[in-house]
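To start, the structure under review is shown below, and the notes come after it.
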């Protein structure tokens, strides 16, 4: 049972961390679902990027959960649950283009509104380390949005497997490299279909 005294008087940051934790946890599961759809539609690389982003969100959620438990200790809150209002749950599940659009919208909201607002509140409450952590997570979400935008552009323009000029395509299964505007229908090295090719991009 939640103690009403603490619900009314707990720091706003504790509520915000809980909202963010819920959001990151849900995003992780959505991206996992989106990865399966991308794979079914022949977008192997996009599927992997969804899974990579899901893992990023898992890491965010882990840190948020840690910060929540630390604040509970600080304020001597023994309750086993925190009640928060105003949590919206995205339920978009469409094709890859639709899923990318929904992902872009979510990531944009997080890095332009949610995390900056939550960080400012935390700083006002004297929780600078938490504020810094929230701003850092926001930077990661900005990167997610930028990456999803690039992928959406390619899906909508039909250029995932077709470029204007010859580029190097690398097979994601065996590493074979092909030079051309499009990848081969089948990898001559391992026989995997063209959906396993991606543009070679290596900067070390």
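Easy rule for this one: first residue shown is 1, then count along the chain.
Quick reminder: no glycine exception, Cβ is built from N, Cα and C everywhere.
The annotation in Swiss-Prot ties 24, 110, 141 to Fe(3+) 1, and of the candidates under consideration, 55, 57, 168, the one tied to the same site is 57. Among 88, 107, 113, the residue that Swiss-Prot places alongside 57, 141, 144 at the Fe(3+) 2 binding site is 107.
All chains included, 22 other C-beta atoms sit within 10 angstroms of the C-beta of residue 187 (Fe(3+) 3 binding site). DSSP states for the domain 'Rubredoxin-like' (166-204), grouped as helix (H, G, I), strand (E, B) and coil, give 3 helix, 14 strand, 22 coil. Sequence-distant neighbours of residue 107 (Fe(3+) 2 binding site): residues of the same chain at least 6 apart with a C-beta under 8 Å from its C-beta are 141, 142, 144, 145, 148. A simple Cβ count within 10 Å picks out one of the binding-site residues 171, 174, 190 as the most packed, and that one is 171. Between the C-alpha atoms of residue 190 (Fe(3+) 3 binding site) and residue 110 (Fe(3+) 1 binding site), the distance comes to 41 Å. If you take the C-beta of residue 57 (Fe(3+) 1 binding site) and look for same-chain residues 6 or more apart in sequence within under 8 angstroms, you find 24, 25, 27, 28, 31.
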